[in-house]
Amino acid sequence: MPKFFCDYCDVYLTHDSMSVRKAHNSGRNHLRNVVEYYQQIGQEKAQSVIDSITSSYAAEGQAVPNPAMVPPGAYPPPFGFPGQFPPPPFGIPPPGPGGAAMPPPPGARNLPFPPPFPPSSGPMGAPPGAGPAGLPTPPNMPPNMATPPGSAPPPGQFPPPPGGFPIPPPNFQGGFPPMPGAPGQGPAGFSPSPGPGLSGPPGGGSGPDAPGGFAPPPGMGPGGFSGPPPALGDKR
């Protein structure tokens, strides 16, 4: 029958039974030998354990460099988003032809982008002369007037002149009134009488009864010039 050997006490037990082993392990001598054994192992291997821990920390420090030891001019390693996956190793590609735009991370708010600018001309399918966003031309207004200032004219029309006066359409009847204060012109619809030595308008006479002419005002002579009023005339 094999015997049980106690490594702490360095002795063989008389019987290899559970009752004998329990009685030996609870003895005073066995407990003292166990404490001394572990104390001896700790004193001998304390320095080796310290060296192994130091070397393991040094190996981890080489894999992940200290941010304080980064040389000047170098970029620090990118950090991941909080509570999400780490960023790609080559960074986020910029949007455009070189790389597609990446969607925002989950849980992040949408960035406020500026709204698109409205088109300068009317949309496709709008009638000619329509304003921006397909507004119709107001009634009784020339087509050129519907175009707002600063925008391109509709197809088939000329841009307005720089002075600001629109060009009348081909079927526009009548002309523009003369500029006020122009020399040699009177009010609209008034034809001045010819001066002395000048012939009257074609088809009209100089007298009051001439067809197509105008009668001179009271007190005006036949030559077109009137004398002084009776109260201011010279005494003869």
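Positions of Cβ are set from backbone N, Cα and C atoms, glycine also.
For the zinc finger (4-36), same-chain residues at least 6 beyond its ends with a Cβ under 8 Å from one of its own Cβ atoms do not exist. The zinc finger annotation in Swiss-Prot covers 4-36 and rests on sequence analysis.
Taken from Swiss-Prot, the feature compositional bias 'Pro residues' applies to 80-181 (among others).
Residues or ranges marked as region 'Disordered' in Swiss-Prot: 80-236.
As annotated by Swiss-Prot, compositional bias 'Gly residues' applies to 197-207.
Sequence annotations record features per position, and here Swiss-Prot assigns compositional bias 'Pro residues' to 227-236 (among others).
Under DSSP, residues within the zinc finger (4-36) fall into helix, strand and coil as 17 helix, 4 strand, 12 coil.
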